[in-house]
Structure formats: structure tokens, C-alpha cells
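Chemist: Under the heading region 'Disordered', Swiss-Prot lists 1-32, 313-367. Among the features that Swiss-Prot reports, region 'Amphipathic' is placed at 228-287, 298-315. Sequence annotations record features per position, and here Swiss-Prot assigns phosphoserine to S315, S319, S321, S322, S329, S331, S345, S346, S347, S352 (among others). Positions annotated as compositional bias 'Polar residues' by Swiss-Prot: 315-324. Residues or ranges marked as repeat '1' by Swiss-Prot: 319-324. As annotated by Swiss-Prot, region '3 X repeats' applies to 319-348. Taken from Swiss-Prot, the feature phosphothreonine applies to T325, T358 (among others), supported by a large-scale study or a structure entry. Marked as repeat '2' by Swiss-Prot: 329-333. The compositional bias 'Low complexity' annotation in Swiss-Prot covers 330-352. Marked as repeat '3' by Swiss-Prot: 343-348.
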Amino acid sequence: MDAQSSAKVNSRKRRKEAPGPNGATEEDGIPSKVQRCAVGLRQPAPFSDEIEVDFSKPYVRVTMEEACRGTPCERPVRVYADGIFDLFHSGHARALMQAKNLFPNTYLIVGVCSDELTHNFKGFTVMNENERYDAVQHCRYVDEVVRNAPWTLTPEFLAEHRIDFVAHDDIPYSSAGSDDVYKHIKDAGMFAPTQRTEGISTSDIITRIVRDYDVYARRNLQRGYTAKELNVSFINEKKYHLQERVDKVKKKVKDVEEKSKEFVQKVEEKSIDLIQKWEEKSREFIGSFLEMFGPEGALKHMLKEGKGRMLQAISPKQSPSSSPTHERSPSPSFRWPFSGKTSPSSSPASLSRCRAVTCDISEDEED
């Protein structure tokens, strides 16, 4: 047993130290890769009663030390593993993989118990014996399958199949009135322990199905199975159909809620965009208004220019003193209609009064 454990440790070390891509190992965080092999198993494992055995050659069991060192190719170590293998799952496959890799040269024989033995000692199975045989046959680690395997291994059975070691997990298996059906195998030094895979078993799978029975029953009714095939009563069938309709309505309501939320979100985004655009346009409008009507706006400049032109029109600038003076011709007297009085002549005093009135008007406009 010590040699076996040391061989397993060494094999694990070799796997860890094997270089991966770019010389990296598993310790570097990069899993090592193996070469792709196109050669694989093309046929299922044969049954034991279909294999010709040469009983003329004597059968001599190998020891644990010899098995760990390695045996010749023509004499592999014959390891036997048995079980029910109902609803064949990854836990079964891993157990058989461990049994296959116990020794460098291993021939794995797997025994599958019949329906009669299983129903008597363990309970009812989901799959019948033929389905369980077929499932084990197609496991890649299996070299031979024994149908109708015994519940307790006898010396005659071990000798008939020339078994060197029996592989199973080390947990005592109490059944058939015995605390451990593998106790005599352990005492004989023929027991090779394997590790049970936690979190997966046939009982766990059945528990999941029973826990969610209504879900799976409704699912199969939708897929065309009848209530009779599912062993479902008439009332439960109608209940499942009603639940299915309710679930569809709930789904539609949920879809509508999600779509309405998306619509509201889009409206909020659009409203935010509109508000931002409105603020920008308002700023532009206010800026344009101030440019036109503000204290320094264009309108004030226009009024100033108009006022200046009006002042120039009312009181034109006098010509410089250097220029020759021109005498004005006396303006003709204006006669008011229906009166014999003439219009008063423009005097310097009247011109000064007119200028004073114009200045007052301009000051009022500036205020």
C-alpha cells in the first residue's frame, strides 16, 4: 500500500511539473496541455461471457509491489470494480478512472449487479439492468463488463475472472447482513481504495427530480407526454395546465413591465435632451435680445446715430473763417393766408431758442 501511495504521489508530481505552454507549469497558474491524439476507442467494452479465456495457463496473482513496479504488456494487472451504476454520472466515471490508473498496466473489469439483486438489497432503480450494462460498456476506462455480478465477492468468482485487486472507496459498505461486504477482500490484501466524488450521486440526482417534480411534470406534459405516462391524476393534470397558463400571463406582464420601463427610460432621456436644447436656445435668444435692446445694444447705437444726423440737419456746421463769406439773400417774406401780416424774419434770438429746445429733446431721449 505504501508503494501504491508513493507511486500516486510521484505521478501527481510529474503531472504538476510537466511543462505547459512556453515552459509554464501548473504552479504558474497555466494548466499543462497534452498532445492531441486521433486514436480513440471505437467499440464498447465486451462482456465477460463473450471473451475467450485460456484456462490452460495457470493463474498467479501479482502482489502490490509487483503491480506498482509495472508488469509485462502480456500480463496486465486485473482490477475489478463493481456497482449498480444507475443513472451513470460523472462520479461513476471518475471512480472507474481512478481504478484504471491505479497501476501502470491495468486491465479494468467492471461488474454490474442485476435488477433482482439490486431491488432486493438496495432498492428500486431508475434504469433497468440492460440500460445500466450499456452505460458502463461505453465508458472509456472499462476493458470488460461482467453482467449479473454477485453482491458479495466469493473466492470462486475471483478465481474465475482472475482478479488481482478490487477497487472501491474505503467507506464501509454495509449490506446483506454484513457491516462491510469488502472486509474479507481487505483482509486478503486485495483491496485498492479509490476516492468518492463529493456532490454527485444517483441519490442526489433523484432528490433533485423529486424536489422539482411539478416543474418536470409540467415540462413533459408540454412536450407531448400524457398524464397516464407520467402517472399524473386528472386533477393534477388540469392544475399543471392552469399553472402553465398563469406562468405565461406572468411572463407577459413581466415583459410589459420591462418594455414600459425601457419606454419611460427613453422618454426621460429624450426629455433631458429637450430641456438641454431648450436651455441652449433660451440662452441664444436672451443673448440676441440683449445685443439688440441692451444698454450697449444695436438699437441705442442706431438712435444715437439718428440723433446726430438730426442735429447736423438742424444746426449745420459753419464754414471755417478762412473761407470767403457769402452773403445770404434776404428770404422772401411769408404771408399768412387771409392776413396782411408777413412772417417774422429769422433772427439770431429765434435760432438760439430752437437750438435750446433741440438740446432738451436729446437729453430727454438719453435719459
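Here, residue 1 is simply the first one shown, and the rest follow in order.
Glycine is no exception: its Cβ is also placed from the backbone N, Cα and C atoms.
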Chemist: Give me the mean pLDDT over the region '3 X repeats' (319-348), rounded to a whole number.
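Modeler: It averages 49.
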Chemist: Quick check on the region 'Amphipathic' (228-287): DSSP residue counts for helix, strand, coil, in that order please.
Modeler: 54 helix, 0 strand, 6 coil
Chemist: Please work out the number of neighbouring Cβ atoms within 10 Å of the Cβ of S315 (phosphoserine), leaving out its own Cβ.
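Modeler: Result for S315 (phosphoserine): 13 other Cβ atoms within 10 Å.
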